[in-house]
Amino acid sequence: MRAAEQRCFGAGVSQSELMERASLAVAREVARLGAGQPVLVLAGPGNNGGDAYGVARFLRDWGHDVAVASIGRPASGAAAENAAAWHDEVESLEQVSPRPVLVDGLFGTGMSRALDAPVAAQLARLVAAASVSVAIDLPSGIETDTGLDLGAPGGITATVALGALKPAHLLGAGLSKCGHVLLADIGVEAATEWRSIARPRLEAPGPQAHKYGRGLVVVVAGSMAGASRLAARAALHGGAGYVILAAPEPASGAPDAIVHRTIDGRDALAELLADPRIGAVVIGPGLGRDEAAMNRLEVAIGCERDLVIDGDALSLLGKTAAERLGTRKASTLLTPHSGEFARMFEAAGSKIEATLAAAKSSGATVIHKGADTVIASAGGKVVVASAAPSWLSTAGTGDVLAGLVAARHAAGGSADEAVWLHSRAARRAGPAFAADDLIAQIPAAMGECL
Ligand SMILES: NC(=O)C1=CN([C@@H]2O[C@H](COP(=O)(O)OP(=O)(O)OC[C@H]3O[C@@H](n4cnc5c(N)ncnc54)[C@H](OP(=O)(O)O)[C@@H]3O)[C@@H](O)[C@H]2O)[C@@H](O)CC1
Ligand SMILES: [K+]
């Protein structure tokens, strides 16, 4: 965004012009959402504050009842010009009374440290007392590049992102604290390789399709049989043509459509995984962490098939992950939640940067799960999937995702497809669903993509 802004200045657009566009875009949204109620505009000491004075001016010129309160006054540049152009009273933030519509223009992308406690408390009070609150660019108190909470209030109605989404609109606390994110075009062309997830387009099997062509998935089971059964069933309903559950003991309780193979010992597993028709192998759900589990994981890593590694297998790899996976010739996909991620990789920087670094060091596609799931490939592609239903935080949903990732991969699709379908199936399943209910909704979620 900063580079794009510089390019814009280089092309002859002045800072005042850019700020005017930003103010106008925000003022329009405030006018719509506020629908004529009295407005309180909060203005900070930087350019976010500069935008705020412009918003106040537009609204007043359009006939709205506007009050302004500030902390610090912009010292120079377009922000200072906008502040000087506001000729009415400016109240102090500490003493101002709430109004039905609040505009938060205290801090935007320049937020560099936690809000002072009295400022955070007063902001929270004013937001809570308003019926509509709109943040300029970002709610004050959210770190732009990470989404880290630096004291932002809860309950903001909408955030008008200027020019482009920043990571904080999609990650961490930003997810719950931005309210509805509205994107305003201000003529700044910010180019990025990072994408938000979108509904995938899937194809129904063609007339020549056969079970192997649609994707053969092998799920390697361990000590907790239920978890691997969930992964196998998810693979089946995620569109795989053939699913094998390779378990140390004869498996029971899975659908008859899943083929059971009793695999005891390294050689038998290695022999099974030598089948070149296999599109993806899943290991980790319910694997356990004992010696037998480690043996199975070693065989799986050593095989030449594409591999989805989840759950216990991620914990077994721990800090050796990058080194051990770096030598694989076939593709590897990892599905860690934040705890498993921290056991394997350094979690420095934003979730996007940390996931990208992990993908590059391991050569794997890393699906870093959470309310904000970040999918990064070793080649540098990043897709962010935010706002997954919070009901997904229940046992077994990770096993379902692992099976789904394998099914889509074996069918020639991507991890993004699996993550989208998982989230969509969860939404369709409604509140308080169990992992089994989630699987039942996958076919309908796929139906929305055909
Ligand atoms: N990019 C674009 O194309 C466009 C950007 N535009 C707008 O500019 C915004 C970015 O402006 P910005 O860089 O001036 O930063 P901003 O958020 O106003 O804050 C900086 C000030 O806050 C201070 N400060 C920081 N943390 C603090 C704390 N905890 N407690 C107290 N003070 C704190 C900091 O002080 P310092 O850290 O220097 O002490 C500095 O004075 C952006 O979000 C958008 O709204 C549009 O106008 C046009 C197009
Ligand atoms: K703000």
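FYI, residue positions are counted from 1 along the chain as it appears here.
Any Cβ shown, glycine's included, is placed from N, Cα and C.
Just so you know, TrEMBL annotations never went through curation; they're auto-generated.
Copied over from TrEMBL:
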type: BINDING; residues: 47-51, 108-114, Asp137, Ala227, Gly286, His337, Asp399; note: (6S)-NADPHX binding site
type: BINDING; residues: Asn48, Asp104, Ser140; note: K(+) binding site
type: BINDING; residues: Lys369, Gly370, Ala371, Asp372, Thr373, Gly398; note: AMP binding site
type: DOMAIN; residues: 1-194; note: domain 'YjeF N-terminal'
type: DOMAIN; residues: 194-449; note: domain 'YjeF C-terminal'
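Within the set of binding-site residues Asn47, Asn48, Asp104, Ser140, Asn48, Asp104, Ser140 have a CB atom less than 6 Å from some atom of ligand 2. Not one of the binding-site residues listed as Lys369, Gly370, Asp372, Thr373 brings a Cβ under 6 Å of any atom of ligand 1.
Between the alpha carbons (Cα) of Gly50 ((6S)-NADPHX binding site) and Gly370 (AMP binding site) lies a span of roughly 35 Å.
Using Cα positions, the member of the binding-site residues Asn47, Ser112, His337 nearest to Gly398 (AMP binding site) is identified as His337.
Here the CA atom of Asn48 (K(+) binding site) lies 13 Å from the CA atom of Ser112 ((6S)-NADPHX binding site).
Annotation: no binding-site residues among Ser140, Lys369, Gly370 have CA atoms within 10 angstroms of the CA of Asn47 ((6S)-NADPHX binding site).
Here the Cα atom of Asp137 ((6S)-NADPHX binding site) is found 22 Å from that of Thr373 (AMP binding site). Checked against Asn48 (K(+) binding site), the binding-site residues Thr109, His337, Lys369, Asp372, Thr373 differ in C-alpha distance, with Thr109 being the nearest. Here the C-alpha separation of Thr109 ((6S)-NADPHX binding site) and Ser140 (K(+) binding site) works out to 9 Å. A helical conformation is recorded for Gly50 ((6S)-NADPHX binding site) in the three-state DSSP classification. Those same-chain residues not listed among Lys369, Gly370, Ala371, Asp372, Thr373, Gly398 yet with C-beta within 8 angstroms of the centroid of the AMP site C-beta atoms are His337, Ser338, His368, Ala385, Ala388, Leu392.
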